[in-house]
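J.: Below are the features listed in TrEMBL for this protein:
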- 1-453: domain 'Cytochrome oxidase subunit I profile' (DOMAIN)
- 12-34: transmembrane segment (TRANSMEM)
- 54-81: transmembrane segment (TRANSMEM)
- 93-113: transmembrane segment (TRANSMEM)
- 143-168: transmembrane segment (TRANSMEM)
- 180-208: transmembrane segment (TRANSMEM)
- 240-258: transmembrane segment (TRANSMEM)
- 270-287: transmembrane segment (TRANSMEM)
- 299-317: transmembrane segment (TRANSMEM)
- 338-358: transmembrane segment (TRANSMEM)
- 370-394: transmembrane segment (TRANSMEM)
- 415-435: transmembrane segment (TRANSMEM)
Amino acid sequence: KNCNHKGLGIYYLLSAFIFGISGTLISVLIRIELYSSGNRIISPENQNFYNVSITLHGLLMIFFLVMPGLFGGFGNYFVVIFQGSPEVVYPRVNNFSILILFLSYLLLMLSLISEFGGGTGWTLYPPLSTSFMSLSPSSTGNLIFGLLVSGISSLLTSINFWTTILNLRSYCLTLKTMPLFPWALLITAAMLLLTLPILTGALLMVLADLHSNTLLFDPVFGGDPVLYQHLFWFFGHPEVYILIIPAFGVISITISGISQKIIFGNQSMIFAMSCISLLGSVVWGHHMYTVGLETDTRAYFSGVTILISLPTGTKIFNWLSTYLGNPPLLQLRTSSSLFALLFLLMFTIGGSTGVILGNAAVDLALHDTYYVVAHFHFVLSLGAVIAIFSGVIFNGEKILGSKSLLPSPSSRNSLYHLVSTFVGILLTFSPMHFLGFNVMPRRIPDFPISYSK
């Protein structure tokens with residue numbers, strides 16, 4: 001019955017927290033298994049369970065922690081406030097979006113207990129996800145239905161934000177003077193509306209191969225598994241920016257609030273976000289360098305991928321410039337401001353490794369190694385998730401209306417949280433760069449003892 005945008009924003013944040021805990025617990029299983037070589041908690045008879053853990057961890061963190069937290073949670077709560085409108089355009093549709101998110105989560109969890117679990121990886125590549133090789137057609141089907149329902153939820157939210165930002169702004173607020181956070185959501189909603197239908201089509205084709213005897217992706221009968229990769233990554237790469245652009249908006253709120261001034265170069269920040277989204281939608285092929293793309297195509301994807309670093313660098317320097325002119329202690333007195341600075345540092349490191357991987361010649365050697373895992377975890381674990389922490393700590397009192405429910409940004413507990421997050425994630429993901437350079441393959445539950453030294 002609650003269609004209020006603030007209530008729904010809080011529900012999104014709480015559900016993202018719950019979903020995130022389940023995704024984190026699954027990742028703990030992965031880390032325990034990889035603590036040393038040999039079988040530890042996964043028996044040699046059930047190696048598929050490791051693949052099931054990888055699959056669910058990826059899907060839960062992307063579609064059930066970061067997207068509901070940043071896009072659904074902060075988006076619903078703040079976008080209406082920032083533009084002075086009374087409510088989103090379709091409040092009941094907004095309510096429906098969060099209700100079907102729980103259905104989507106249940107379908108994903110159902111895949112864990114039906115047959116052997118869907119051990120396809122979060123990308124659901126055929127032929128592993130189709131009848132040709134699938135260990136568990138029913139659990140893979142549950143995964144796909146869960147993602148389809150989640151996609152409907154995201155699509156409805158995107159339509160809501162798009163129409164709200166364009167049609168319900170305060171009469172004196174133009175697109176030129178609109179704050180960065182509504183801009184971030186407008187760009188994110190546009191990318192979702194463009195790419196989600198492509199993912200839906202690809203998943204329905206996999207579902208048809210799995211249960212309806214079609215042969216769209218079976219090379220034995222003239223199908224093409226590489227077609228699925230093109231369709232998936234046309235959604236999958238913009239999805240990275242769909243996750244991080246709302247984080248840019250949240251970090252802009254935090255840095256602007258701490259510095260007590262508008263973000264430096266406001267217009268260039270809007271232009272940079274627009275360029276990132278546009279370029280990010282046409283570089284899907286850099287995930288597929290090893291499938292046999294010809295040299296010219298690889299050169300194009302390499303060039304445009306590296307080009308994305310220019311608008312991203314613009315944003316980093318604008319955020320840093322916003323801090324200039326303030327006393328140094330003002331920046332460092334609260335954990336939310338430290339989280340914002342940590343976001344800038346880690347996002348820069350993750351983006352730099354992305355430029356390295358964007359080079360086709362390097363990627364051929366590093367593809368499917370732990371270097372790739374380190375890269376996207378620095379951008380997402382240390383980027384999007386830290387943006388959520390920064391936003392919750394900085395805006396917690398405004399959202400909950402009480403100082404007692406959350407630690408204050410300057411409290412000792414929130415600083416302990418900051419330090420433990422920083423140290424824990426660095427210790428987890430930094431070594432993966434070196435493992436990747438030693439060509440340690442990912443998604444394998446065991447490794448030679450030489451990697452331990």
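Quick reminder: no glycine exception, Cβ is built from N, Cα and C everywhere.
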J.: Output the single range from 93-113, 143-168, 180-208, 338-358, 370-394 maximising the number of Cβ pairs under 8 Å to the transmembrane segment (299-317).
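T.: The stretch I would name here is 338-358.
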J.: With a cut-off of 8 Å between Cβ atoms, can you find at least three pairs linking the transmembrane segment (143-168) to the transmembrane segment (54-81)? Only pairs 6 or more residues apart in sequence count.
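T.: As far as Cβ distances go (cut-off 8 Å, pairs 6 or more apart), the transmembrane segment (143-168) and the transmembrane segment (54-81) touch.
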J.: Decide whether the stretches the transmembrane segment (54-81) and the transmembrane segment (370-394) have at least 3 CB pairs under 8 angstroms, with pairs required to be 6 or more apart in sequence.
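T.: Contact criterion met.
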J.: Using Cβ distances below 8 Å and needing 3 or more such pairs, separated by at least 6 in sequence, tell me whether the transmembrane segment (338-358) contacts the transmembrane segment (415-435).
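T.: Counting Cβ pairs under 8 Å, at least 3, so yes.
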J.: What average pLDDT does the predicted model assign to the domain 'Cytochrome oxidase subunit I profile' (1-453)?
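T.: Per the prediction, mean pLDDT sits at 90 for the domain 'Cytochrome oxidase subunit I profile' (1-453).
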J.: Go through the chain and flag residues at least 6 beyond the ends of the transmembrane segment (370-394) whose CB is under 8 A from any CB in it; none is fine as an answer.
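T.: Non-local partners: 13, 16, 61-62, 65-66, 69-70, 74, 240, 243-244, 246-248, 250-251, 253-254, 257-258, 334-337, 339-340, 342-343, 346-347, 349-351, 353-354, 357, 406-407, 409, 414, 417-418, 421, 425, 428-430, 432-433, 435-437, 440-442.
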